[in-house]
Amino acid sequence: MIDRRVRSPLLPLVAAAVVLALGAAMAWGISGALGLSFTPAEVPAEPAEAAPPQDAAHPPVITAVRVPAVARLRLAATAVADALEQRGRPRPAVVQETPGEQTAPGGLDVRLVPGVAPESFRLTGSPGALVVEAGDLAGAATGLYTVADRIRSGAEVLPADQRGKVVTPRLGLRLTDAGAVGREPDVAAFGAGTDYSLNTDVVGSALLPEAPWVDKAAVDRISREFQGFVGHALAQGYNGVVVPGFLEYVTFSAIGDGHAVYPAGDDHIARAEALVAAFGPVLRYARDMGMRVYLVTDMLALSPPLERFLERTTGGLDPTSARFWQVYQAGLSELFDRMPFVSGLMVRIGEGGDIFKQPGWDYSSRIAVTTAAGVRAMLTALLQTAGQVGKDVIFRTWTVGVGAVGDLHTNPASYEEVLGGIDDPHLIVSTKYSAGDFYSHLPFNPTLMTGKQRRIVEFQSRREFEGFGALPNDLTVLHQRALQRFLAANPHVEGVWTWTQDGGPLRAGPMSLLLRSGFWQLYDLNSYALGRLARDPQTPAAWITADWARQTFSDDPRTVAAIGRMMAMSREAVTKGLYLAPYAENSVRALGLEPPPMMWIFEWDIVTGDSAVLDSIYAVSRDRVDEAIADGERAETLAAQMRDEVAATDPATWRDATQRARLLDALSYEVELFRTLNAYRTMFLRHAQWLDTGSSSSYQAWKEAETRYRAARDAHLVRFAGDVDLPAYNFTAADLGAERADRDVAMAWTARVLLLLVLLLLLRGALRRPGSPGAGGLRALFLGATRPWRLADFDEAPSRLDRVLVIAVPLTALVASRLVFTWFAAPAHVLLTLGGWALFAATARLAAGRRDPFHLWAAIGGVALLRTALLLAALALRGPGHYWFVFWTEPGWRAAYVVVAFAAFAWLFVATALVLRDRYGLPLRRVVGAALATFGAPLAVLSAVVSAIGLERALTVWNDQLALLPWGLSRMLGITVYLGIPPSLPLFTALAGLLLAVAGALLSLGRRPPRRAAHALPGRGGPPTRSGSAPAPTGGLADSADSADSAGPAGASAPSASSAPGASPLPALPRRQAPSADPGAPPGPAGSAGPPSAGPASGGPASPPGSASGPAPSAVPAVS
């Protein structure tokens, strides 16, 4: 028999304190990770003003434009001819200049003269005999494009105060992207609205999978598109173009024998040579027409053979290694040799991955340059190569959230740390104008006001987060104020880079392709305005907009003025309709990131419904909810007023009736969109307000707004779904969130009922009513939940009903509570949770061997009820929605809950260990092994399952069902990329779990020298109580090791504690019968664990009644 004394609660109390401390550490870590904080941001003002009606000046009479015999000047002269023809004048001839010839009436002559600065010009002569004088070809071309622009705008070509005045563009470097060159108006792809690829390669549609590698017809088509775009950009005042490409044009022929990277016969060599031969002339055209050509690439740019070579020869992908960058230096040198017309290379390090990959080939990019040392090593190497041949390296500071340089984009201190001291004249640093991405409500970027490097400012015309150019959105005032601010603060700002088409997924918005498809004129306003502002930042913004309207739509003064008034309202409509100002006007931090000011539309066209975003927006806006709702109503009203302004214009005054119809359609789309979004914002804000306050008025407002939202959403989808010009927004995520919100009330009531039942069952277990059905099982569960160390002394023989209850009650509570927790809508979470519990229980059962598991189930089930009661209490107030609302927005309550919840989780291991040690008598070594195994086995199995599915896919399924994080994350960059979670994490945790499980098994099954005596359990103080013998097992996985531990010499019984040498003598204790291994077996003699025949376990007779010694069962040592 075994002496069992009730463990003093001291050690369990210490364990409880430890697990609470662990819970506090976990709460601290979670709070640090979430860390919702916000401070007011310095949002730039955008005062809107429309130009008054003004009659257009009569265009000059020009019959001939005489220019030197240079192709770029002939192209500029053609722009003048086009402008005159548009204004109704006869098209002039473009002829070659005759040196020394006087300007004849009706002529426009170009003369190259000394004494005029580069790219500068002056206009002389008279309106009937104009002369453009310039010091170089760039200045002559600028002069001609200026004349063309003034003619199209209805302005005086030669104002009196401008005659003879030298005009020099304020900014010398005026870059654009490549527009829509190479992109196809694929109705099916755009209509689906699900393609979020970010690849911008120009050459993609011309690629072939085998020799000759490029489709000549496609190259010719792309060439025509590129030439048209170059002419358009030059006419708007730009002098440079940025085109994607680098690695696809390089063979690394200068490394080794020429085949060190790509072996002889490798397709990469032939394909690169074919691409250079095909697209070299296409790109050279821009240079011939006076535009600088820059190629742009992500770093690291990789192909499989290149990556293998780097791994093999440079010791891995180490961006701090000079030897590593020597390989890219060789490639860059080859690029400049093959394409000498290229002015330089633009490099981005802040984005990369498969979402940017061109389908059909194996070139890819990877985010790897994530430290200041890596950036400096890269720039040092690339600048050395570029400088040798007079080329530039343009480094983009877009590094948001990427490693140690994650705030380089917006933090002047980080900018100085990374780039300070790199003053190479061939380095140009390119930075977005805003302190973040191309959103509204953001401050101007402070890093553009510092630094000693040459700087250019990035702008986006087709605002990807504001409808992809489908909505009227005049950014002229905002861009003008940004440029003026930077130029006043930083003398090193020397240029702009305008994204005329790029930004965001290519086919997730409207099928508007610059110069080719859709209503591209609407966002071309911003490209035109930036071209004007880059030359003269002081030009009145309202006049620029009026000039664009006159060039694009009508010469009629009243129509132009109406369009100007409409555009003057556009920014307020967009910034109120697509943003929630009380949130957007703050600089917010959450999840260790700086979320953008929009968020409730995350991103592009996906209206989100996740609790993390919506609850956080409400928390920031809590005191201004009514204002946020009023802004939505104001935006809807403004959009209607804008439509009325255009509708009131005379159709006869428009050059093209189709353009008027398109503009009215765009404005009607804006009205419908803002109506839907307004109802949705009201719905989710009132729902969050109800979660926060429980107010019945908030609840009523939420339900009324939901009715409006569903009606508006249905109307929006019916009208615009499948429309490639005005595509419907995606409300899938919003509906997922709304459906779960609708269940909050029902879930709260269900949680209350379940909580009451759990508490009643525990109360029933607290009341000692022996003999009543199920009393033993409920009592055991109560002890397992409240005092698991007392289970060692719980000797009531369990009935069959007790055995059922001790499993069924906690199992039912677990399943029901987790279904409520997930709104009955997330089976993945329920299966994951139940799988973890099942694996834990199964592993613990193995550790107990063939012993009666009743007490083990009581301990596990009791803790399960404890954790279930805690969860149900959190759900009972206002359902799962309120649970997550508190989690995201209330750090104090969240910390308190996490402390207790995590402590209860850790307590599960403590309770199980107490039962294994005290009730079943396992040695401490085996108890530790069981703890390791019960933690490691579930971790290993569940991690392996997730790894087999794929972490991104598993997280996507889980998040889609729970609606916790933005639904769009997995459709874009991916949850793992956005949150910086290594995709291999499940594999590592599976291996860690496996190691823990194996270690636990070894501890449980290992052998050690037999003991001659056993001692009282340390910490088992207090007065002695009942003792009895344990059931005699017949062997099993967990029993074999104890045979050696508890038995003395072969076949001998272990001595009792009272007779062990050196053991403290124990007073004689009254004995009672221990429970039988078989509840239905007849009781044996007093003190016996089973029938009288139990003695043969040691080959001897049964122990006499009251004996303190006798045959010790092999699975339970005499004392431990």
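Cβ atoms are placed via backbone N, Cα and C, with glycine included.
Positions annotated as region 'Disordered' by TrEMBL: 87-108 (among others). Across the region 'Disordered' (87-108), the DSSP tally of helix, strand and coil residues reads 0 helix, 6 strand, 16 coil.
Among the features that TrEMBL reports, domain 'Glycosyl hydrolase family 67 C-terminal' is placed at 524-576.
Here TrEMBL flags 746-763 (among others) as transmembrane segment. Long-range neighbours of the transmembrane segment (746-763) within the same chain, counting only residues 6 or more positions beyond its ends whose Cβ lies under 8 Å from a Cβ of the stretch, are 778, 781-782, 785-786, 809, 813, 816-817, 820, 823, 865, 868-869, 872-873, 875-880, 882.
The list of residues near the transmembrane segment (804-824) in space but at least 6 beyond its ends in sequence, with Cβ under 8 angstroms from a Cβ of it, reads 739-740, 743-744, 747, 750-751, 754, 758, 761, 774, 777-778, 780-781, 798, 830, 833-834, 837, 854, 857-858, 860-862, 864-865, 868, 871-872, 875, 879-880, 883, 961-962. Per TrEMBL, transmembrane segment is recorded for 804-824 (among others).
Annotation comment: TrEMBL describes 830-847 (among others) as transmembrane segment. Among residues of the same chain six or more beyond the transmembrane segment (830-847), those with a C-beta under 8 A of the stretch's C-beta atoms are 814-815, 818-819, 822, 853, 856-857, 860, 864, 908, 912, 916, 922, 926, 929-930, 933-934, 937-938, 941-942, 945, 958, 997, 1004, 1037-1038.
Annotation source TrEMBL lists transmembrane segment at 854-875 (among others).
What TrEMBL lists as transmembrane segment is 895-916 (among others). Counting same-chain residues at least six beyond the ends of the transmembrane segment (895-916), those with a Cβ under 8 angstroms from any Cβ of the stretch are 7, 12, 15-16, 18-20, 22-24, 26-28, 30-31, 784, 788-789, 791-792, 840, 844, 847-848, 855-856, 858-860, 862-864, 866-867, 870-871, 874, 886-887, 922, 926-927, 930-931, 934-935.
According to TrEMBL, the feature transmembrane segment maps to 928-951 (among others).
Outside the transmembrane segment (985-1005) by six or more residues, the chain places 843, 847, 925-926, 928-941, 943-944, 946-947, 951, 954, 1037-1038, 1040-1041 with a CB less than 8 A from a CB of the stretch. Marked as transmembrane segment by TrEMBL: 985-1005 (among others).
What TrEMBL lists as region 'Disordered' is 1012-1120 (among others).
TrEMBL lists 1015-1079 (among others) with the feature compositional bias 'Low complexity'.
Residues or ranges marked as compositional bias 'Low complexity' in TrEMBL: 1086-1120 (among others).
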Grouping DSSP H, G, I as helix and E, B as strand, the residues of the domain 'Glycosyl hydrolase family 67 C-terminal' (524-576) number 44 helix, 0 strand, 9 coil
